[in-house]
Amino acid sequence: MNVLLEMAFLSQTLPDPYEDFIHHHLQYYGYFKAQKSSLPNSGTHQRVWRNSPRYMLNGSFGERDDFISDSLEKEMLLWPTCLSSTGHAHIDAVNRDSLLLSSPLLRTRQLIFDELDEASPRLREPRELFSCFSSRGPLQAPRWPIECEVIKENIHHIEWVPHQPEYFYQPTGSEKVPEIVGEEQGTVVYQLDSVPAEGTYFTSSRIGGKRGTIKELAVTLQGPDDNTLLFESRFESGNLQKAVRVGIYEYELTLRTDLYTDKHTQWFYFRVQNTRKDATYRFTIVNLLKPKSLYAVGMKPLMYSQLDATIYNIGWRREGREIKYYKNNVDDGQQPLYCLTWTTQFPHDQDTCFFAHFYPYTYTDLQCYLLSVANNPIQSQFCKLRALCRSLAGNTVYLLTITNPSRTPQEAAAKKAVVLSARVHPGESNSSWIMNGFLDFILSNSPDAQLLRDIFVFKVIPMLNPDGVIVGNYRCSLAGRDLNRHYKTVLKDSFPCIWYTKNMIKRLLEEREVLLYCDFHGHSRKNNIFLYGCHSNNRKHWLHERVFPLMLSKNAPDKFSFDSCNFKVQKCKEGTGRVVMWRMGIINSYTMESTFGGSTLGSKRDTHFTIEDLKSLGYHVCDTLLDFCDPDQTKYTQCLQELKELLQQEINKKLNNFGQDMDLEGNWSDIPLSDIESSTSGSDSSLSDGPPIRLLNIVADEPNQKTVLKNPKKKRLQTRKQRNEQYQKSYLMRELKLTENAPGRARFVSTLQKQPTFLKSPESPSPSVRRSENPRLNETQLSGREKGTSLDPPLTSPKNKERIQSKKPGFTASCSPKRSTNSSLGPAPDVKPNWSKTRYSATRKDHATMAVYPSLHIYTYP
């Protein structure tokens, strides 16, 4: 019977000559045959694509032999379990309806009717991305740079949650600090031959990486008694470059830097074989770059035993003793390096084990997960999977749109959007596990998940930097740059993942409000989970950006730390996704930082995070989103009130540190919050800013640019303190030069270094007046707070020179005061240096008064 149907199908002639040609031409390529043995669920998704509750025009059924369109009865016989009662009702309605037109002008597969009596059709959605692929393997094999050798092995790890909490290592102070001896006194047992380093740039990629035979890089064992470990890292996310044997059971390890750079060594992931059970091994990583690490306060490395996974179903676990993080004693004139050393014992002889900085989550893991979603007949109805773009290497950057179908166009347009992304930094695999937990929940059939899908449109980019994840980078893409510093880029070809993400959000903002944007990250120097946000100067939304983090801390009190959150917008963070989206109009724009270590809070105090802990945070994000948007605003109002109380306490703490006391009731909210908060301790990626490496090499090849390139680049200061000191020194030099033709300024400069505070004089002219009166005050000198920057003010500011020469010479400058936005109030009067313990005693009638502290500005009104 099937043979007869297929013969009849192949001999079918279509009325349209072009369609008839394409039909007969493509059937030999298997497109119309679609054997069900290789497409286990494709029919289900095509049925969803075709038989979504919509009325379709004649000819809109596909012309594949598993979708026979001669009669609807054949369709129902082929897929009796796929059609719901609603689907049957729609099919009957189509059969009965006289509007099923047969005109050649309306014979199309792309137009559908929302209602039977509706005269205007609409375009149908495109087919599912995975509709023609098997669930037995990933959609697309990863593409590697052509310089990278890749072993032909499938690395897979099981998920496992330890039965007991994994506590931090408690340093004893007597841990051994091995001296680094190197390959001069040791034996190299593993080394990558060709590693793309600084000075080179990405050119092309291919599946499987480098052409040719894969070399055996590990040493050859001399017999069964040879106990040398066999190292390997030429697989997804692996990054071991060299292993040197310096003792019977001691090895020095060198990590490969991010490709095409000489920086960013923190993530590690490698394999060892030929283990011995009763021996104590010591591993020392010798080229880490961060001076501070969670390894110094008890974090342990992760180990995975293949035999334990096979026999006992045990996965990744924390292992390590005698853990020490210290500075490398080798001085090669370059940037200082740091070492991590630990000892361990393997559970089995002749085992295959893996070590990692954190639980790996590879590009293949993501593709398998997304493929399972696409092949799920229920989830695929409200989760649309698309390709946002291709990365530099040609790997797909996936975009998920998750929302329940709306009953009317008006209901669909009223939905707000939520944008979530992860893995812009490839070494921060904890962000992928949080994203995995979020997707598990939002795609589930729980009532809360269904409610969220009813009221929101979720745009999810689960892996922004697939190239970096594949090759084992810690921070950069194949452009050799940190993508989270280039959200303002216009270089679409160099940073496609970021450019298309920003463009997608920009288009989304044009059609609906984006309630929340959150980019998931990992943090290597702080425990717990916390958020970085952006403080808004809009009084209407004052403190509102802090409500969501506070709610999240209440929903996950043993994981999330609100005290670690920061909302200061620093100049060095202007290119991050958080700040760029905030400036595009998304008030609730966040970076979620998840520790590589564990928690110091509540019931999980001093324990490492597991995979389940990170997944649960994804659930808590959904739960908090429901609280945040609850029509009953009781929780929201309570959080706002609590935030005001916390802010008052922080201000009082600042004042106490200055040795002052003050009643702030009624006026404390005028204090700029950016002056209260300290700067974030996020990673410094300034060395990874700038144009892509490829463009720099193109410029270097130009003959007329040689003279420019000979000038050495100005050496960057390593710490913020040094930058501030240099800025203050250069500023003082400019002040001294300004006094040459202005003797009246000499007294100002002489008092500059005496006292740290000054008062605003009522006679001080506005900045625009001063600019016209004194042309020497140029735009550079009048920059700072008046231009909206959030950096801490310098020691003094040129716009305060005239104010210094007040009637009270004891007061000198330390920072520029914040101008009041209330233009109806008069200028602030002079203030005496004696402070009242209750209310500010210098407040005069009919005048606004401002007391100025270093980095703290307070307004009081009568």
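Heads up, residue numbers simply count up from 1 along the chain you see.
Positions of Cβ are set from backbone N, Cα and C atoms, glycine also.
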Residue from His348, His357, His521 that Swiss-Prot also lists as binding Zn(2+) with His425, Glu428: His521
Cβ-centroid neighbours of Zn(2+) site His425, Glu428, His521, 8 Å, sequence order: Arg423, Val424, Pro426, Gly427, Asn430, Ser431, Arg475, Asn484, Phe520, Gly522
Mapped DSSP class for Glu593 (active site, proton donor/acceptor), helix or strand or coil: strand
Glu428 (Zn(2+) binding site): secondary structure state under DSSP, collapsed to three categories: coil
Chain-internal residues, separated by at least six, CB under 8 A from Glu428 (Zn(2+) binding site): Phe358, Phe520, His521, Gly522, Ser594
Neighbour-count leader, CB within 10 A, binding-site residues: His425, His521: His425
Rounded distance in angstrom between the Cα atoms of His425 (Zn(2+) binding site) and Glu593 (active site, proton donor/acceptor): 12
Cβ neighbours of Glu593 (active site, proton donor/acceptor) where a neighbour is any other Cβ within 10 Å: 28
